[in-house]
Amino acid sequence: MIFDPKMLQVYLVGGTQDVHNDVVKFLEKVELAMKSGITAFQYREKGNSKLRPNERVDLGLELRTLCTHYGIPLIVDDDYELAQQINADGVHVGQNDTKIEQVSVAVGHQMFIGYSCNTPEQVERANTMDFIDYIGCGPVFPTKSKSDADTAIGINRLERLNMISERPVVAIGGIDEENMKVVHDTGVAGLAVISLVFDSKDLVATVKKMKNLYK
């Protein structure tokens, strides 16, 4: 699948740890989100996940089937070997994950690559790497979804990072229904969320509100 910045508009991130390690519930919520209009899904099995390596592959293959059915790109967080095993469309790499250059060499042109950047220096460095397709910036606000989350960067820095970046930017971290518009209005290409969707009492309506921002 060829990368398109529009893929970033309604970008759902998650793993079984986000639904109390209930695999069935996880797949049900992901599929409902796909039916409702998310534009990308990132498989992120971290934190309190209880899945063994082989179970991660099996679940990844089920996600691959769902993403293909709904025409949505499947992105894997950090683990490029898992991404290759399940034929993912992309891989997302954090500053503290596997070295971005190593990932680029491993996946070549088989997948698009996202890279987390939270400072102007990190963005400027990313601008020099032609193999990076998009940048993830955050957490914009404090978040409980990631146990290893950095300090919140705030709206002003997000806006600055978006201006500096030569790649499309997706914002993540602490985004909710109250602040999603102010995040969108910074000019970012998309919003990435975890708990906003997985914890929503009306998942369909939540996804539609996000989609409406980019109409």
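Counting starts with 1 at the first residue shown.
Glycine residues also receive a Cβ, built from the backbone N, Cα and C atoms like all the rest.
Here is what Swiss-Prot records for this protein:
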{"type": "BINDING", "residues": "GLN42, TYR43, ARG44, GLU45, LYS46, ASP77, SER116, LYS146", "note": "4-amino-2-methyl-5-(diphosphooxymethyl)pyrimidine binding site"}
{"type": "BINDING", "residues": "ASP78, ASP97", "note": "Mg(2+) binding site"}
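Note: the CA-CA distance between ASP78 (Mg(2+) binding site) and ARG44 (4-amino-2-methyl-5-(diphosphooxymethyl)pyrimidine binding site) rounds to 8 Å. Highest Cβ count within 10 Å among the binding-site residues ARG44, LYS46: ARG44.
Cα spacing between GLU45 (4-amino-2-methyl-5-(diphosphooxymethyl)pyrimidine binding site) and ASP97 (Mg(2+) binding site): 13 Å, rounded to the nearest whole number. The CA atom of GLN42 (4-amino-2-methyl-5-(diphosphooxymethyl)pyrimidine binding site) is located 15 Å away from the CA atom of ASP97 (Mg(2+) binding site). Cα to Cα, SER116 (4-amino-2-methyl-5-(diphosphooxymethyl)pyrimidine binding site) and ASP97 (Mg(2+) binding site) are separated by 10 Å. Of all Cβ atoms in the protein chains displayed, 17 besides its own lie within 10 Å of the Cβ of ASP97 (Mg(2+) binding site). In this view, GLN42 (4-amino-2-methyl-5-(diphosphooxymethyl)pyrimidine binding site) is surrounded by 24 other Cβ atoms within 10 Å of its Cβ, with every protein chain counted. The separation of ASP97 (Mg(2+) binding site) from ASP77 (4-amino-2-methyl-5-(diphosphooxymethyl)pyrimidine binding site), Cα to Cα, is 9 Å. Neighbours of ASP77 (4-amino-2-methyl-5-(diphosphooxymethyl)pyrimidine binding site), defined as other CB atoms within 10 A of its CB across all chains, total 21. Here the Cβ of GLU45 (4-amino-2-methyl-5-(diphosphooxymethyl)pyrimidine binding site) has 23 other Cβ atoms within 10 Å, regardless of which shown protein chain they belong to. Taking Cβ-Cβ distances under 8 Å and a sequence gap of 6 or more within the same chain, the neighbours of TYR43 (4-amino-2-methyl-5-(diphosphooxymethyl)pyrimidine binding site) are GLY14, GLY15, LEU59, GLY60, LEU63, LEU74, ILE75, VAL76, ASP77, ALA88.
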